[in-house]
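Here the structure comes first, spelled out in structure tokens, and everything after it is commentary.
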Amino acid sequence: MGLENLKQLTPFIKEAFQQTLLVAKFLCGIHVTNSYICTFALTQGPSMLPTFNLTGDLVLAERLSTRFEKMQRGDVVLVRSPENPRKIVIKRLMGMGGDTVRYVVDHANNGIEHTIVVPDGHVWIEGDNKFNTNDSRNFGPVPYGLVQGRVFWIVSDSSLF
């Protein structure tokens, strides 16, 4: 009796295995896409005002430009925070390795300017809101390896959430 039951269950077992394999392939595809091609990110905070809303925007960032070193000054990028590696920050790329960057140290005071040459293998990032941002003016040049992607599309603004 047990062998006949097993023969009756064989089509169901095959179907379950095929469906499980299909779901596993789908999840692997999502992982590869998110890790190597493009990813979604939610912006929060005042550092990129007025480019992004204070309450948050959903953006799409591609990861190929960072891998093939096709980043340009002025690009908005996702960067793993050099101060807290668990956080991803969104800033504007202001300088690449070898560039000379001039920046104001403290806008609130007399606006003293400093000049720095960005070391090779590093980038200089700044928030668009110069008065309320934590960026390279605070922690210096960021290793290029911490750049995670380039924002290319604002999917939706916070009014849709």
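Glycine residues also receive a Cβ, built from the backbone N, Cα and C atoms like all the rest.
Predicted automatically and left uncurated, TrEMBL annotations should be read as such.
Annotated features, as they stand in TrEMBL:
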DOMAIN    28-104  domain 'Peptidase S26'
ACT_SITE  S47  active site
ACT_SITE  K91  active site
DOMAIN    115-155  domain 'Peptidase S26'
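Here K91 (active site) is positioned 8 angstrom away from S47 (active site), judged by their C-alpha atoms. DSSP labels the residues of the domain 'Peptidase S26' (28-104) in these numbers: 14 helix, 30 strand, 33 coil. The domain 'Peptidase S26' (115-155): residue composition by secondary structure is 7 helix, 19 strand, 15 coil, according to DSSP. A sphere of 10 angstroms centred on the C-beta of S47 (active site) encloses 23 other C-beta atoms.
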